[in-house]
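Chemist: Take this structure, written in C-alpha cells, and hold onto it; I'll ask about it next.
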C-alpha cells in the first residue's frame with residue numbers, strides 16, 4: 001500500500017459520527033448481567049475522525065483534538081483493540097494480513113457522554129481498515145459485537161433500530177430533514193452507576209413495543225411518535241448528575257424546540273427542531289445564555305448516508 005504524506009488530506013480516513021438514542025427502553029436482563037434494550041439510534045453530523053498516516057512496525061495510535069487530552073493511546077483504547085481484532089480475523093480468513101499502521105484519532109466529541117464516542121471510534125477503525133484490506137463490511141459485525149454493545153450500530157452508521165444487547169439491528173424510519181442540537185455540560189457520567197440507579201428506582205417497566213413507521217415526512221411527525229417513548233436511563237442519570245435537568249430545561253426553552261431528551265446514559269442531551277437552520281439559530285441563543293458554563297454544543301442535521309463515510 002502507498003501512503004500519502006501525513007499532511008495530505010488524501011490520507012485514508014473514516015468518520016465516527018455521534019450516535020444519538022432518540023428513545024431507549026430497557027426491556028430485560030440476561031443471566032450474564034447484560035441488559036436488553038429497544039432503541040432508535042441515529043447519527044449526528046458531529047464526528048471524530050480516524051486516519052491512517054503511515055506503516056508501522058506495530059499498531060500504534062496518537063490522539064489529538066479538543067477532547068483528546070487525558071485519553072490513553074494504550075492497548076485498552078478501543079481504536080487499537082478494533083485494529084488488532086480485525087488484523088487477527090482478516091489474517092485468518094483472507095490470509096497473511098500482517099501489516100501494521102500508525103493511526104491518528106481526532107477527538108472532537110466529549111468522552112463518557114452518551115453519544116457512543118468510543119464505540120464510534122472503534123467502528124470507524126474497523127471500516128477504515130476493512131477498506132484498506134478489502135474486507136467485506138458484513139465480516140465486521142461479529143468483531144464489533146466483541147468490542148461493545150454500541151459498536152455494531154456504529155459500524156452501520158445509519159438510522160437503525162437496536163434490540164437485544166445491541167446486536168439485533170433493523171431498518172429505522174426514513175428521517176425528515178429535521179434539526180438537531182446536542183449539548184453536553186462537561187460532566188462525565190458512569191454508565192454502571194446509572195444502571196445501578198435504574199435498578200434501585202424500580203427497574204424494568206412492561207410496555208408495548210413502540211410502533212415505528214417506514215418514514216417520517218416532517219420533524220413534527222417524528223416527534224409525535226417519539227412522545228410515546230422515553231429514555232429509561234434519563235431519570236437514573238439525573239439522580240447521579242443533576243445538571244442534566246438544567247441542560248434539558250435549557251434546551252426545551254429554546255425557540256422552535258420540539259423535543260428535548262437525554263441520549264444513552266448521559267450526560268449529552270439533544271433537542272429536535274423543524275430544520276437544521278432552526279437548530280443552529282437555537283444553538284446561538286443557548287451559547288449566549290450559557291457562555292460562562294463551558295457547555296459543549298453542536299447543531300445541524302442528521303447524518304443519513306450510512307457507513308461508507
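In case you wondered, yes, glycine gets a Cβ from its N, Cα and C as well.
According to Swiss-Prot:
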ACT_SITE  19  active site
BINDING   110, 111, 112, 113, 114, 115, 116, 117, 118, 119, 120  ATP binding site
ACT_SITE  150  active site
Chemist: What does DSSP assign residue 118 (ATP binding site), in three states?
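Modeler: DSSP call for residue 118 (ATP binding site): helix.
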Chemist: Take the mean position of the Cβ atoms of 110, 111, 112, 113, 114, 115, 116, 117, 118, 119, 120, the recorded ATP site. Which other residues of that chain put their Cβ within 8 Å of it?
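Modeler: Residues close to the ATP site, other than 110, 111, 112, 113, 114, 115, 116, 117, 118, 119, 120: 18, 19, 109, 264, 268.
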Chemist: Identify which of the binding-site residues 110, 116, 118 has its Cβ surrounded by the largest number of other Cβ atoms within 10 Å, counting every protein chain shown.
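Modeler: When each Cβ's neighbours within 10 Å are tallied, 116 leads.
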Chemist: Please tell me which one of the recorded positions listed here (19, 112, 114, 116, 118) sits closest to residue 150 (active site), measuring Cα to Cα?
Modeler: 116
Chemist: Going by DSSP, is residue 112 (ATP binding site) part of a helix, a strand, or coil?
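Modeler: Where residue 112 (ATP binding site) sits, the three-state DSSP reduction gives coil.
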Chemist: Which of 112, 114, 120, 150 has the fewest nearby Cβ atoms, counting only those within 10 Å, among these recorded positions?
Modeler: 112
Chemist: In three-state terms from DSSP, label residue 150 (active site) for me.
Modeler: coil
Chemist: Within 10 Å of the Cβ of residue 19 (active site), how many other Cβ atoms can be counted across all chains shown?
Modeler: 27
